[in-house]
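**Q** Feature list, courtesy of Swiss-Prot:
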| type | residues | note |
| --- | --- | --- |
| BINDING | I42, H44, S83, T392, H396, E397, N703, E922, N925, H951 | ADP binding site |
| REPEAT | 124-162 | repeat 'HEAT 3' |
| MOD_RES | K187 | N6,N6,N6-trimethyllysine |
| MOD_RES | K196 | N6,N6,N6-trimethyllysine |
| DOMAIN | 667-993 | domain 'ABC transporter 2' |
| MOD_RES | K789 | N6,N6,N6-trimethyllysine |
| MOD_RES | S974 | phosphoserine |
| COMPBIAS | 987-999 | compositional bias 'Basic and acidic residues' |
| COMPBIAS | 1020-1031 | compositional bias 'Basic residues' |
| MOD_RES | S1039 | phosphoserine |
| MOD_RES | S1040 | phosphoserine |
Amino acid sequence: MSDSQQSITVLEELFRKLETATSETREGISSELSSFLNGNIIEHDVPEVFFDEFQKAIQSKQKALNTLGAVAYIANETNLSPSVEPYIVATVPSVCSKAGSKDNDVQLAATKALKAIASAVNPVAVKALLPHLIHSLETSNKWKEKVAVLEVISVLVDAAKEQIALRMPELIPVLSESMWDTKKGVKEAATTTITKATETVDNKDIERFIPKLIECIANPNEVPETVHLLGATTFVAEVTPATLSIMVPLLSRGLAERETSIKRKAAVIIDNMCKLVEDPQVVAPFLGKLLPGLKNNFATIADPEAREVTLKALKTLRRVGNVGEDDVLPEISHAGDVSTTLGVIKELLEPEKVAPRFTIVVEYIAAIAANLIDERIIDQQTWFTHVTPYMTIFLHEKTAKEILDDFRKRAVDNIPVGPNFQDEEDEGEDLCNCEFSLAYGAKILLNKTQLRLKRGRRYGLCGPNGAGKSTLMRSIANGQVDGFPTQDECRTVYVEHDIDNTHSDMSVLDFVYSGNVGTKDVITSKLKEFGFSDEMIEMPIASLSGGWKMKLALARAVLKDADILLLDEPTNHLDTVNVEWLVNYLNTCGITSVIVSHDSGFLDKVCQYIIHYEGLKLRKYKGNLSEFVQKCPTAQSYYELGASDLEFQFPTPGYLEGVKTKQKAIVKVSNMTFQYPGTTKPQVSDVTFQCSLSSRIAVIGPNGAGKSTLINVLTGELLPTSGEVYTHENCRIAYIKQHAFAHIESHLDKTPSEYIQWRFQTGEDRETMDRANRQINENDAEAMNKIFKIEGTPRRVAGIHSRRKFKNTYEYECSFLLGENIGMKSERWVPMMSVDNAWLPRGELIESHSKMVAEIDMKEALASGQFRALTRKEIELHCAMLGLDSELVSHSRIRGLSGGQKVKLVLAACTWQRPHLIVLDEPTNYLDRDSLGALSKALKAFEGGVIIITHSAEFTKNLTDEVWAVKDGKMTPSGHNWVAGQGAGPRIEKKEEEGDKFDAMGNKINSGKKKSKLSSAELRKKKKERMKKKKEMGDEYVSSDEDF
């Protein structure tokens, strides 16, 4: 008897024993059968007949239990034989059907067998196994079968995590449907399985939101909130099929929501995520769900701005998915389809005349190959490792490898290939060759881009304003760029002229020496090389100009033995001579440099390469700036001189009645002293100052000197212990605290637009309503008991209701309480009727009712139409002046804003009411260099007064004229030009507001032109016409305003 015939005989005997086995002998026979099958059976003699009988036994009621136990044993074998694996996977549909059996023992045995198969199968053969499980979920009406299959999928996720990640687009819809099953057990199992499956989503941007995304599948009411949460997310990680499979259900529902804001936010997320898709084939399966929703919204949304955002997302989706304007969806690649690879392998095997009994094995090989194509694994050795063991079942190894290599090449040729930009080859030592992504706040700057720097080369870093050039430089210097060499491997120094103010009193030599860069002799020698004289080396840093500070920073970097210099706008503070010196130095020092500059002439003279921002990538061009512009003409506009990355603008202050010049005091403090209760001495004492629209004041002094206390009294946050504080009735002060975020900390879940609407919804600034100068205290209550003698009766003021002009001041309409039996035990005060209201002059009221008068002044100012409407568009326009775009203002929650964006929001909110004075407490603490430059320019151009508390002389040097030096509670002013009356200078005329005017509630104010007075001749003419009409019409005549 031959070996093969003997094997078949043994199998038949074992199978017969298995059929008749009892519960006591079942395990032993199953184990023996498993060992024999996975042993040394001749590959060409695959026991086809045995497995046919095996399949029938699984379906049999009498034999199922024993056979399922054997399946588990065969699959649990440590080394599952390649000749057995395809056949054992082929039993899965039959085993699945038994997992729903009413017989509990059979159901448990089937579940155990399925889990054993899922654990044992080659991970790359997942495309052979998973379709069976999905088909069972889709077609079965047995809830136990569904629960078992869901548990098996969880096991398969652990066994083949990378492969399941690629199958998520077909897996998630089926699991989602199971989550809506009517059976509670299926729902729970589906939720557990989909949670397990999402472990394959390797995307740091969304991983913390995955529980919410799963919750949205089960509960669609959660969609709006989840879209809001994701809308504040910065997407920087590559978007894969697994990521889209879990995101697209949410986004497609978001596009179909009723609220326009949710539709818009969903479009923003689609736009941001699609930019991170590397391969059009990744997004292709999802185009059918996203494209129609975006098109429909673009056609039906009424809000123009939301339609514009939707159109932007639509364009991005079309570009990434290679969709034409006709919106015909491109064909999805079938390179990784099992049917495609099966066709190729069958064609190659045709000359070998492979027997029909190996069909299951050939189909299994096609499934493995399809998975390798999906994973984009194309190297020969990996294909040999995964596929050869199955090919040698019916071919000799040499023939198998020859056919397999041909199979690999033909299968790989079917993969669609996108454009590939190779870095220009260049000889030299690599200092850096890394791939990374970069974001700032909620904005993606770079996505999976390469940066390669060679020793001794000079690179110009170029891109449009806001592309993130300085952010990239700072990120490299701070070690935040993935893959960039550490300081131990490659010393990188960020050269900036803004030397920290804490070192301003140190000498130049001591400052460089404090950086541990060498001995003082070495440092002195190097500084002299850079042009420093002996006298300058001993000078304090504060006395150096910006240009010399730049040279000092460069000398310190060179002494640190830098391999790479990062230069951010190095020519900003240099004169022509020093620019030429810097050009010569960089060209001859041999140090690699990366330069950001708007000086095109400087870049032309220095750079050997231009690194340019293109579509979230860095692309390198050989040559200087002129050569680069020839290759990329559209880049010319980026590098015009004077280009500014950031600009702020403050609104023009409202008109102040009685203030004819900018020199007239609008805030005046005389002999003011303030002492906190319980302290032994005043915090500030005997302080006198005044502020006008032309004030540019720097408040300086050591910590604890009383600067902030002084400002708090000025702004009304605190009331003085003694002294006088006068503020113009309609003067508005914007105060940005040292801890700027204090203004918005309790509103993080609002959008910036909603925050501003909340803050000013009554017309008043709700942030200032708790200021001490607006709260009625005990002294105020006592003063308000003052008795006025009016029309012979004693009265107390009950309320103040309106204001009108009276000579050079104002008078106020007051309601009263009438006094009866004053001074007696039966004394009482009775409210009087409104007909008894009377007008009292301001000077008389202010002594006892100053805070009530201030409230009326505020309300009158609000009614004057000097405030804009609290509409979304108006708020967006205002915030745009402070560098916040409409996307952030109306559609992003404050919680998701970066630190710099939050500060801009605080600036925007504080200046909403067009303040006359802007007070900033330590702005350099919370604004970066770019924003400080923009703020400095805006404050210079501001038409109101500016008061700044700061330690930074650099910031205030060219901005302020007046200095208040605070020390030990005393304030010494200098540079001031205080005047008693209106003062000199050009007169301020009240300007007529252009365009429509609104009150604080958004109601349009119709301000008609004032009628001119008629002359006596015109009046006589009007009278004659009136008499003529009366005579002609008789009793029918009715006069009108036009007749007079």
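Residue 1 is the first one shown; counting continues down the chain.
Yeah, the Cβs are placed from backbone N, Cα and C, and that goes for glycine too.
Explain the structural surroundings of these features, please.
**A** Nonlocal intrachain contacts for the repeat 'HEAT 3' (124-162), taken as residues 6+ away from its ends with a CB within less than 8 angstroms of a stretch CB, comprise 85-86, 89, 92-93, 96-97, 99-101, 107, 110-111, 114-115, 117-118, 170-171, 174-175, 177-178, 181, 183, 185-186, 189-190, 192-193, 196-197, 199-200, 338, 363-364, 367-368, 370-372, 374-375, 386.
Annotation note: K187 (N6,N6,N6-trimethyllysine) sits in a helical segment as assigned by DSSP. Less than 8 angstroms from the CB of K187 (N6,N6,N6-trimethyllysine) sit S178, M179, W180, D181, A218, each of them six or more residues away in the same chain.
The DSSP secondary structure for K196 (N6,N6,N6-trimethyllysine) is helix. Applying an 8 A CB threshold to same-chain residues 6+ apart, the list for K196 (N6,N6,N6-trimethyllysine) reads I153, S154, V157.
Within the same chain, residues at least six positions away from K789 (N6,N6,N6-trimethyllysine) with a Cβ under 8 Å of its Cβ are R795. According to DSSP, K789 (N6,N6,N6-trimethyllysine) sits within a strand segment.
The secondary structure of S974 (phosphoserine), as reduced to three states from DSSP, is extended strand.
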**Q** Since the record lists S83, S974 as recorded positions, which of them has the fewest other Cβ atoms within 10 Å of its Cβ?
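**A** Counting other Cβ atoms within 10 Å of each of the recorded positions S83, S974, the minimum falls on S974.
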**Q** Kindly state the mean pLDDT of the repeat 'HEAT 3' (124-162) in the predicted structure.
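**A** That stretch averages a pLDDT of 92.
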**Q** Between the Cα atoms of S974 (phosphoserine) and S83 (ADP binding site), find the distance and write it as a whole number of Å.
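**A** S974 (phosphoserine) to S83 (ADP binding site), Cα-Cα distance: 95 Å.
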**Q** Are there residues of the same chain, six or more positions away from H396 (ADP binding site), whose CB falls under 8 angstroms from its CB, and which are they?
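**A** Once residues fewer than 6 apart are set aside, H396 (ADP binding site) is near nothing.
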**Q** Sort the residues of the repeat 'HEAT 3' (124-162) into helix, strand and coil with DSSP and give the three counts.
**A** 35 helix, 0 strand, 4 coil
**Q** In which DSSP state, out of helix, strand and coil, do we find H396 (ADP binding site)?
**A** coil
**Q** Which residue counts does DSSP yield for the compositional bias 'Basic residues' (1020-1031) in the helix, strand and coil classes, in that order?
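**A** DSSP classes over the compositional bias 'Basic residues' (1020-1031) add up to 12 helix, 0 strand, 0 coil.
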